[in-house]
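See structure below.
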Amino acid sequence: MSVSVGVLAIQGGFQKHAEMLESLGVEVKLVKFTNDFDEIDRLIIPGGESTALLNLLTKHQIFDKLQDFCSQNPVFGTCAGSIILSKGSQYLSLIDLEVERNGYGRQVDSFVTNLGFMGNSIKAVFIRAPKFTRVGDNIDVLAKFDDLPVLVRQGNILVSSFHPELTEDSSVHKYFLNM
């Protein structure tokens, strides 16, 4: 069975996710309209600017369709995508996670570090990254930085505060594809 992965493509860094998935031989659909959800099995919500993304979701009238899709299918949110999916936000509230926007600093504070993930070391790029300030009891913490979670999963939802698509390492995307 082939899997078709959608990448929400109305704002933010969607192209790098699409390129990473294509390098893995995955069929990619750039999601811009409500009917695009009918053609995909799972979805990536990329980084970008969460307030701008919310405004565009509302303007393009896809917020409700996005919420419905994300509640039933595997979804991966990176950076702003994690904010959109988190509880305590005015967004989708689909994962028991609270975040602090720009918790790791402003653009000038961006950094690259190595993280432990599934027994291996992966590179992680943090750009105006959210800090995960509270994780629910039913959350699986998959990677930490400075003893704080930065990659977590709850059921069908995977979120990272960093940008795995900006590295050569496809481990996190492969994990998502196997959820």
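Counting starts with 1 at the first residue shown.
Cβ atoms are placed via backbone N, Cα and C, with glycine included.
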Task: Same L-glutamine site per Swiss-Prot - residue from Arg101, Arg153 joining Gly48, Glu49, Ser50, Ile127, Arg128 - done: Arg101
Open item on the list: Taking every protein chain in this structure into account, which of the recorded positions Arg101, Arg128, His163 has the most other Cβ atoms within 10 Å of its Cβ?
Closed with: His163
Task: Neighbourhood of Cys79 (active site, nucleophile) by C-beta distance under 8 A, where only residues 6 or more apart in the same chain count - done: Pro46, Gly47, Gly48, Ile127, Arg128, Ala129, Pro130, Ser160, Ser161, Phe162, His163
Task: Non-site residues, in chain order, whose CB comes within 8 A of the mean position of the CB atoms of Gly48, Glu49, Ser50, Arg101, Ile127, Arg128 at L-glutamine - done: Gly12, Gly47, Cys79, Ala80, Ile83, Asn102, Pro130
